[in-house]
Each structure stands twice: as C-alpha cells, then as structure tokens.
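Copied over from Swiss-Prot:
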type     : residues : note
ACT_SITE : 341      : active site
ACT_SITE : 372      : active site
TRANSMEM : 21-41    : transmembrane segment
TRANSMEM : 60-80    : transmembrane segment
TRANSMEM : 87-107   : transmembrane segment
TRANSMEM : 183-203  : transmembrane segment
TRANSMEM : 230-250  : transmembrane segment
TRANSMEM : 267-283  : transmembrane segment
TRANSMEM : 365-385  : transmembrane segment
TRANSMEM : 415-435  : transmembrane segment
TRANSMEM : 443-463  : transmembrane segment
C-alpha cells in the first residue's frame, strides 16, 4: 500500500489517524470539497445568475486546483494532453483529426502508465495521476469523433446515436479545458458527452415530449430546474455504506489470501470457492464509493438530470457509472458487464466497435485492455473474460429456453446462474487485483484452470448461434458494448444540440423523445 504522494502532504496527520495512504485521503477530501463546491456552484453561479464564460472559468480553475492538490506537478499532464490534442484538432482539420487525437491521447496515456508502473511505483494500488488521464483520454477521443461526425460526415451516414451526439462547431479552448478538467469530473469522472456538458453549463431549457394516455405525442416545452437534493442524499448514503464496508470488512477479506500457500493446502474446495466470492465481492465497494460520489458531485452541481419517467419522477442517472443492485444480482456475465463501468462501455462502443471495419469484437477488447493500463494482470483478466463471455453466451442461447416456462423451474435456474456468474466473475478478475503474472498464474494453477477448461469444453459442445438481427459485417460473437445501442439512447437522452445551428429544433426534440420512450 502506498505511503507517499506526489501531491500535498497537508493531510498527513489525518492519513496517519485513519491508517490510509495520504494520496487516498487527498482524493476523498478533495471529492468532498468538490461536493461542497458543486452545491455552491449550483446556488451562486447558476446559469440564470451568471454567464457561461464565468461558469467555464470557475469550473476549470477549481478542477486544476484539485488536481494540483492531489497529484502535484503530475497534474500538468492533464493540461499538456488536453492542450496538444486541441492543437491537433485545429491544425489537422475535421476530416482526420479524430484519428490523430485518438492515437496521440491513447499513446500519451500509455506512456504515462508505463513510466508510473515500471519506473516509479509498481504495484501501488492507490490514487495516481493516470486515473484522471484515463477519463480525459475518453473525453478527448469522444469529442474528436463527435466533431468529425458533426462537421465532416454527412447526416445520412450517421447512426441515430451519432446524429444525437454530433458536435457542429469547434469548441473554444476554454470550453475544451472546462469539459476535460472541470472540478466535478477531474478526479473520478465519469465520462459525459460534450453536448450534455455544454447544455448544463449554458443552462439550456429542456424540451420534453411525453406521451399522453391515449398514445398521442404531446410536446411540452418546460423551463425546468428540478432539485437534485434527494438523488444526492441517496447517493451519499450509498457512499457512506460503501466506505464503511471498505474500512471494516474489506480489510479482513484480502484477495491475496486466495493464493496463500497454507490456505490452498488446508482449505476444502467449497471453502476456497466461497472465500473467492467473498473476497472479490468485498473488493467492489471502493469502486461503488468512488463512482457514486463522483455521480453525486455532478448531480449536486445540477448536472446529470435525465428527465422524467412516465410517472413524472425526476431521474438523475444520465452519467451514472454503475447499478449496484443489478451487479450484485447478476445472473449472467452480460448482465454484470452491462451494469459495471457503464460510461466506459459506451465509450468503447462509440469510438471503436461501431466504427471498426473488421473484427470489431477483437478491436474493442484490445482497446479496452490498452486503456486500462499496462499491468499484466489486466490482460489476463480480459483474455479470460473473452472466454467466459463466449461460453456464457453459448450456454444461455442453447439451454435457457428450457427453463423459462415454469416459474418454479425458472427460479431454480436463476439461482444456479447467479451462483455460477458470481463465481465466474470472481475467478476472472483475480488477476485484475493481483496485477502481476506470477501470483495470477499461481491462483489459476491452484484451481487447475478449471473454468478456462470448462469454457473451452462448452464452446466445443454448444454452437454459438448467430444473431438474427446482426449486420452481416459484424461477427456473430458480439461483446456487451455492441448490445448497448438502445441503452445508449436511454442514457444519453439529454444529448440534444446546444452548438448546432443547422440541426433543427424539431430533429432534436425527436431525438430526445425517442430516448424517453425506451
């Protein structure tokens, strides 16, 4: 565990008191400060009280201050990466800038990850400057593709989601830095579309279309400013429970104990499997805490409103990154992945899967692995994950229909698939936590590579059925990201244009309404 930081050491006494690395304490305290700043931002710098210019300046300066406090001079990487990417956008032009920005941003991130891991602090599993750079890389590449779509490609060549997200004018440098480095998302994200962010900063009114009871479309224009207080309070409660769990239970269930020689020699197989599940389940609350707190910060500032449901209840999950209940109750590999790190899955689909001219599945998994980092354990997890995903899909496609007719039988099937999914997920992500090759292979060899072998046997026995609706150029084996076409509209229904003068108001309302219907 890390005991030093490149950022401020002002909170070292607090770090000693709570027995956490000072860089992690800096992260939590800065996020709590960002939460208070978000409330202040929404109250005193509301779009009705000040100009977008002031909101951009304040959001950017606060973000850079938090970055400097947490990471010291390493925070300059955020500005350098953003600045060079913006320069590339300007000098190269809209036809090819998305390619150059993609290669540069991902390459710069990879170089920083290599230097951090193999030169400075291999194995430190704490807050580090490459984490925010991963989010900034997503934003840089997403915006580059969105500008390319909006300013170069023909409207009829775009998919519905690309049409909704397309940016029709070049952002100013201030807008660009504000989008990449604002205080709400500088430390933990999550990714959001540029148009959603600009809509929030400029305080554009929501134009809602709802369906009347008789099925006719009723267009309503509302100047809405719903309160996020309830949503923020609920998410802070989740953060508190997650942090309490992490501080108490997680420390008693280390993942490393799965490869302890004495434990492997003395524990029975049921005990080992049960501990495997418990230890990996206990490793998740820190992600629940970080991502839910980041979501709450954005909501507190007034960002993240996704509209109203059919009952008129506000929804504040536009940029939510996970769904905890669905994760813990997942009965399939796909269901788990669909609800984990949602915004990253959508980014992979937007910039890679739907644009790949060949082998979109392979290209998407490669991009995901490169983006996550350079620890060997990450690649072992992704390779194992591919195998598990294919095997799970083969089983589901070939046998599930035998168990859905009877409620009692389906309940038994769901229980069995839940247990299997949780164990398979835990088995798959052990290298992601252990990081290195040797301990990862120690774990897998102690399990005799049982789930790897079982997955291969499943693929040999059960055929992989082709998706009837699949495009002929896509593989029959599609990753979870390719199946989020409808979900993206659901999550991105605030993505109507604020920068497009040529994109008609009627088209934008239709874009939003189609998302609301789902």
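Here the Cβ of each residue, glycine as well, is placed from N, Cα and C on the backbone.
Counting residues 6+ beyond its ends, the transmembrane segment (183-203) has Cβ neighbours under 8 Å at 27, 30-31, 34, 37-38, 46-48, 52, 55-56, 59, 62-67, 70, 78, 131-132, 135, 138-139, 142-143, 146, 165, 167, 171, 175, 290-291, 293-295, 297-298, 301-303, 318-321, 343-344, 346-347, 492, 494-499 in the same chain.
Rounded to a whole value, the Cα-Cα separation of residue 372 (active site) and residue 341 (active site) is 12 Å.
By the Cβ criterion (under 8 Å, sequence separation of 6 or more), the transmembrane segment (365-385) is not in contact with the transmembrane segment (267-283), since fewer than 3 such pairs are found.
Scored by C-beta pairs under 8 angstroms, the transmembrane segment (443-463) has its highest count with 415-435, from the stretches 21-41, 60-80, 415-435. Within the chain, the transmembrane segment (60-80) has long-range Cβ neighbours (under 8 A, six or more residues past its boundaries) at 5-8, 23, 26-27, 30, 33-34, 37, 108, 112, 127-129, 132-133, 136, 174, 177-178, 180-187.
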